[in-house]
Structure formats: C-alpha cells, structure tokens
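Colleague: Straight from Swiss-Prot, here's the annotation block:
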type	residues	note
REGION	1-34	region 'Disordered'
COMPBIAS	14-30	compositional bias 'Low complexity'
REGION	125-134	region 'Important for dimerization'
BINDING	Ser179, Asn195, Tyr196, Arg197, Gly349, Gly350, Arg351, Ile352, Glu353, Ser354	substrate binding site
ACT_SITE	His193	active site, proton donor
SITE	His266	site 'Important for dimerization'
REGION	331-366	region 'Important for dimerization'
Amino acid sequence: MASSLLTTPSQTLAPNPAAARARRSSPAAAQVSFSSPLLPGRRALRCARPVAIEKEVPEKEAPTTFLREDGSGAGSGSVRERFEGMIRRVQGEICAALEEADGSGKRFVEDVWSRPGGVCVHSRVLQDGNVFEKAGVNVSAVIGVCPRSAYRAAKGAAKNGAADGHKAGPVPFFSAGISSVLHPKNPFAPTLHFNYRYFETDAPKDVPGAPRSWWFGGGTDLTPSYLIEEDVKHFHSVQKQTCDKFDPSFYPRFKKWCDDYFYIKHRNERRGLGGIFFDDLNDYDQDMLLNFATECAGSVIPAYIPIIERRKDTPFNEEQKAWQQVRRGRYVEFNLVYDRGTTFGLKTGGRIESILVSLPLTARWEYDHKPEEGSEEWKLLDACINPKEWL
C-alpha cells in the first residue's frame with residue numbers, strides 16, 4: 001500500500017536549489033503552516049516552497065484541507081479540490097463501517113504527519129479488534145516538483161519549450177490518494193486492498209503556457225485464504241456494476257490489468273483473486289474519470305462489508321488458521337518484492353510506519369508447503385495460479 005503518494009518513480013520529489021538557499025537564510029521558509037484560510041472555518045496546508053523529501057513532523061490533528069490557497073487549491077472547485085474532498089469523506093465512511101462491523105468498541109487510532117516541502121498524511125489504523133487483526137486507511141497529499149525526466153506525460157511540455165532552444169526545468173505537481181489494506185482474523189474472511197489516487201502537473205515556471213498533465217490510478221482487489229465462490233462473485237459483480245456505469249470495456253480491461261499486476265513471479269501465482277486495477281488513466285474526460293474514481297471508492301463498503309458479515313464468525317480450526325498465515329506470507333512477499341509503492345518508499349526514505357501499514361500482524365512460511373490436490377486449500381491456490389472469469 002505504501003501510502004500511495006510517495007510511491008511511484010513519477011512522483012519523486014526533486015531538490016530545489018532556490019528552496020535550499022531560502023532555508024539556509026530563513027529556516028522558517030521551509031515550514032508547513034496551518035494558517036488563516038481564505039475560506040471561513042477551513043485550515044489549509046501552506047507550503048512556502050517545494051523541497052526534497054525531509055523528516056516528517058507530527059501534527060496534532062488533520063487539517064481541514066491539504067490544499068494551498070491558490071487558484072487551483074482550496075475553494076477553487078478544481079479537480080484536485082474535489083478529489084481531496086472525496087478521499088477525506090470516504091476515509092471517514094469506511095472507518096465508521098469497519099468499526100461497526102468489528103463490534104469491539106475499538107476506534108481507529110489517528111496519526112497525522114507532514115513534511116516541510118508539502119507532504120501531509122492522515123493515517124487511521126485499527127489493530128486487534130474482534131474481527132480485524134489489522135486495518136489501515138490512509139489519505140495523503142504531496143505538493144512538490146518532479147525532475148523533468150521523471151514522468152512520461154510531461155514530454156509535451158518539453159516540445160513546447162524546445163521552440164526557443166530552452167530546455168524545460170523541474171515540473172510542479174500535486175498528488176493525492178486514499179490507500180487501505182484490511183486483514184480480518186477469521187481465515188474465511190478475505191483481505192481487501194483498495195487505492196485511488198490523482199496526479200496533476202503545473203506548467204514549468206520556465207515554460208509558461210506548457211500543457212498541464214494529469215491522470216488517475218487505483219483499484220480494489222480481494223485476497224481470500226479460502227475460495228468461497230458466493231463471496232468472490234459478489235465482489236466482482238460490484239466492481240463490474242461500478243465500471244459499467246461509465247464504460248462496458250472498463251471491467252474486463254481493468255480485471256485483466258489487476259490479474260497481471262498482482263502476480264508473484266517467483267511463485268508463479270497471483271496474490272489473490274483479483275478485482276480491478278488501472279494506472280495513468282487520462283484517455284477520457286477528466287470529470288468523467290473523477291466521477292469514476294469516486295464511484296469506485298464508494299463501492300468498497302457494499303463490495304466488502306456483506307462478505308465480512310457472512311464470514312466473521314465462521315468456525316475454524318488450527319490447520320485453517322495456519323493456511324491463512326501461509327497466504328499472508330504471499331501477501332508480504334508481493335508487497336516487499338514487487339509492489340511499486342512499497343519498494344519505492346523503502347528506497348527513498350519514506351515514513352516506515354506508513355509504508356508497512358499494509359502488512360498483516362502475523363504471517364507464516366513453511367518449507368516446501370504444498371496443499372493436497374483437491375483440498376479446499378488447493379482450490380484457492382489453483383485459482384491464484386489460473387485466473388478465472390467470475391461473472
């Protein structure tokens with residue numbers, strides 16, 4: 001999961017020499033401040049200058065908005081403002097639904113931190129509940145600059161800048177997202193992962209008028225330890241219904257993308273039983289894709305909570321629990337070896353608690369473990385090796 005905004009190479013924060021000089025001469029210039037907003041009652045994350053990744057700073061509470069007070073930020077009605085509002089709302093709705101399903105009376109622990117260069121993350125985590133061993137729901141936003149070569153969509157700006165022989169410099173960007181992994185205790189209740197994010201650039205300051213770039217990414221996928229077709233079909237039907245509201249080609253396209261992405265090469269199997277996944281999506285109207293991402297995020301509760309309610313109290317034995325731990329081991333392997341967000345965060349000094357919040361509390365590795373052919377465990381493994389059409 002890796003808190004989706006410090007996660008992909010296209011989002012690397014580049015050093016800014018001017019900002020570095022400003023910090024040396026005026027330390028306060030690099031600070032994040034929650035200052036008097038333009039809109040009454042709103043506190044905005046204000047970033048004096050985009051800077052390189054720096055040490056995180058704990059915050060007492062989450063700001064009302066992560067956005068700057070400028071023409072495309074707080075109060076502008078921009079896509080970035082609407083997307084940020086959506087992920088903040090969805091975080092609250094999902095945490096409330098999970099607390100109700102857990103029934104332990106426990107509440108999500110909240111953790112808010114920022115970086116002076118324009119990063120703010122609001123993590124919410126529930127551990128050792130009645131139903132959930134570990135559940136994390138994070139929202140985050142980054143305001144910074146990308147190196148000119150760091151992302152493919154900025155190539156248009158380089159062409160514009162080449163007309164006068166001037167090479168475009170670093171590109172200002174904004175990114176925001178919600179990311180979550182939910183690990184239940186019961187082996188018959190599946191793990192769920194979802195992640196929805198938005199990325200956009202501004203024109204480089206040395207190439208005014210260059211085209212802005214933007215894209216959406218994300219997905220929702222299910223990772224059971226036991227194959228219960230009723231549950232898997234319900235989950236996939238919700239994904240298809242959501243996709244079909246926008247384009248009938250979305251579900252088959254994004255289902256295959258999901259099966260391909262969550263592939264554990266060294267095991268020759270998928271992490272789970274799929275769902276939908278997409279990235280760098282910008283080939284449709286921007287408002288349409290914003291609505292699509294909003295619908296996808298909103299479909300998490302109806303796709304998952306009914307399954308949890310059916311399975312959270314299913315009796316199980318020690319062998320079934322051990323199999324769940326083996327499958328959790330596969331989850332850990334994928335996240336630490338292949339997941340782009342996790343590996344990028346580990347390599348670039350990201351906040352470790354946010355990066356590893358996706359991992360389960362417990363997992364298991366048995367030497368040369370092979371389930372008996374025809375067993376319930378084997379059926380799950382076969383479906384992970386050979387992706388199926390569930391609808």
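The backbone N, Cα and C atoms fix where each Cβ goes, glycine too.
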Colleague: Are there residues of the same chain, six or more positions away from His266 (site 'Important for dimerization'), whose CB falls under 8 angstroms from its CB, and which are they?
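Modeller: Looking at Cβ-Cβ distances below 8 Å from His266 (site 'Important for dimerization'), excluding near sequence neighbours, one finds Glu333, Val337.
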Colleague: Using the alpha carbons only, what distance in Å do you get between Arg351 (substrate binding site) and His193 (active site, proton donor) once rounded?
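Modeller: Here the two Cα atoms are 20 Å apart.
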Colleague: Would you mind giving the whole-number mean pLDDT across the region 'Important for dimerization' (331-366)?
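Modeller: That stretch averages a pLDDT of 90.
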Colleague: Ser179 (substrate binding site) to His193 (active site, proton donor): how many Å between their Cα atoms?
Modeller: 8
Colleague: Roughly how many angstrom lie between the C-alpha atoms of Glu353 (substrate binding site) and His193 (active site, proton donor)?
Modeller: 17
Colleague: Using C-alpha atoms only, work out the spacing between Gly349 (substrate binding site) and the residue listed as 'active site, proton donor' and round it to an integer in Å.
Modeller: 23
Colleague: Quick one: give me the count of other CB atoms within 10 A of the CB of Ser179 (substrate binding site).
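Modeller: There are 29 such Cβ atoms around Ser179 (substrate binding site).
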